[in-house]
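Feature annotations, courtesy of Swiss-Prot:
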DOMAIN    1-160  domain 'DHFR'
BINDING   Ile5, Trp6, Ala7, Glu27, Arg57, Ser120  substrate binding site
BINDING   6-7, 14-19, 43-46, 62-65, 101-106  NADP(+) binding site
Amino acid sequence: MLIAIWAMTQEGLIGNNNTLPWMIKQELAHFKKTTLFQALLMGRKTYESLPKVFEKRTIFLLSKDQNYRFEEKGSEVKVINDFWPLIKSYQANKEKDLFICGGKSVYEQTINECDQLIVSIIKKKYKGDQFLKVDLSKFVLNEVVEFEEFNVNYYRKKQQ
């Protein structure tokens with residue numbers, strides 16, 4: 001199963017200078033709890049923005065450079081230069097989950113393939129340079145979990 005997970009403001013802001021514009025401990029804890037011991041797909045810049053310790057996950061790191069030398073952060077990392085075979089393998093096996101974790105171009109290319117979306121909506125306004133516009137017409141809002149500084153919206157793909 002393919003699951004995209006990200007945080008954004010109500011205006012669609014997802015980043016600033018390759019980092020999160022906010023530091024909300026509860027939201028980071030939600031991301032950690034959701035993705036721990038899971039397989040993640042992310043781009044090189046997203047990987048480089050992770051904390052020094054980011055362990056107990058399998059990371060498929062998308063890079064044009066197949067020989068990319070990544071900094072070890074405590075997770076198993078596999079460098080790939082084409083994510084479509086990976087996407088297809090997880091679509092064919094609904095018993096295993098692959099979490100799409102960014103950045104912007106990875107989300108834009110994969111969201112329509114996802115079975116579920118987990119979107120943290122940050123309540124406060126922030127400044128930044130990366131915005132994500134998502135067409136949610138193919139998804140149904142399944143659940144909203146409210147926190148003080150953000151809400152987590154859980155979407156599932158509409159049945160065809």
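All positions are counted from 1 along the displayed chain.
Including glycine, each Cβ sits where the backbone N, Cα and C put it.
Secondary structure at Ser120 (substrate binding site), as computed by DSSP, is strand. Its own atom aside, the Cβ of Glu27 (substrate binding site) has 19 Cβ atoms within 10 angstroms in the protein chains shown. Ile5 (substrate binding site) and Leu62 (NADP(+) binding site) have their C-alpha atoms 16 Å apart, to the nearest angstrom. Nearest neighbour of Leu62 (NADP(+) binding site) by Cα distance, taken over the binding-site residues Trp6, Ala7, Glu27, Ser120: Trp6.
Around Arg44 (NADP(+) binding site), the same-chain residues at least 6 positions away in sequence with a Cβ under 8 Å from its Cβ are Leu61, Leu62, Ser63, Tyr68.
DSSP assigns Glu27 (substrate binding site) to a helical segment in the three-state reduction.
The Cβ of Val106 (NADP(+) binding site) has 19 neighbouring Cβ atoms from other residues within 10 Å, across all protein chains displayed.
For Asp65 (NADP(+) binding site), the same-chain residues 6+ apart in sequence whose C-beta sits under 8 angstroms from its C-beta are Val79, Asn81.
The Cα atom of Glu27 (substrate binding site) lies nearest to that of Gly15, taking the binding-site residues Gly15, Asn18, Gly103, Val106 as the candidates. Recorded residues Asn18 (NADP(+) binding site) and Ala7 (substrate binding site) have their alpha carbons 14 Å apart, per Cα-Cα distance.
Listed in sequence order, Ile14, Leu20, Trp22, Ile24, Glu27, Phe31, Val119, Ser120, Ile121, Ile122, Phe150 are the same-chain residues six or more apart from Ala7 (substrate binding site) with CB atoms under 8 A from its CB.
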